[in-house]
Amino acid sequence: MPGNIVLIGFMGSGKTTVGRLLARELRWSFLDTDTMVEERLGLPVKEIFAREGEDFFREVEKEAIARVVTARRAVIATGGGAVLSGVNVQLLREGNKVVWLQVRPETALKRAGLDDNRPLLQGREPRDIAALLRRREPYYAFADIYIDTDGKEAAAVAREIKEALKAWLESLT
Ligand code: S3P
């Protein structure tokens, strides 16, 4: 069994920050699909969107997901839109635990809105972000566990994940 922990959720939910921490605590490796896409193309996400468009980004993201699920005992942070693809969802679920990091739109905006490498947030009003998050929620709902991240430090979120997955982690050999 691959036995990875896969973090899904909206931009600004803390997938990368929490994932890195969790991986360090578990002494597992940490993989981030956005970083894999950026390394593969040698460009930041915002440049990929600007030059090639979102559809192209999604294709390269699919390749990154297909590669990342060959890992074993890794914490995997996915881009917020990776779960829009049914194929990606199927790959991510197989033999792994999927954790949805939940976030309120105001918090997402506070954490991620100033980052200019997130093209889908650029120039958006708070109500647009809230609408996008609402449209995304059904795609995150397949997760095995849901963790509310609002008002919590990354370390507390990482602890909650470990606690929620305790039995599963102990069952891994
Ligand atoms: C996206 C989220 C981003 C990145 C891209 C698209 C999305 O990842 O993949 O900008 O569609 O939600 P993060 O969730 O890590 O910001």
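Backbone N, Cα and C atoms are what each Cβ position is placed from, and that goes for glycine too.
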For the ATP site that TrEMBL describes with Gly12, Ser13, Gly14, Lys15, Thr16, Thr17, which of these is also annotated: Arg73, Arg93, Arg118?
Arg118
Going by TrEMBL, Arg58, Gly80, Arg136 bind substrate; tell me which of Asp32, Asp34 is listed for that site too.
Asp34
Which binding-site residues (Asp34, Arg58, Gly80, Arg136) fall within 10 Å of Gly12 (ATP binding site) by Cα distance?
Gly80
Inter-residue C-alpha distance, Lys15 (ATP binding site) and Arg136 (substrate binding site) (nearest angstrom):
16
Closest of Asp34, Arg58, Gly80, Arg136 to Gly14 (ATP binding site), Cα positions, binding-site residues only:
Gly80
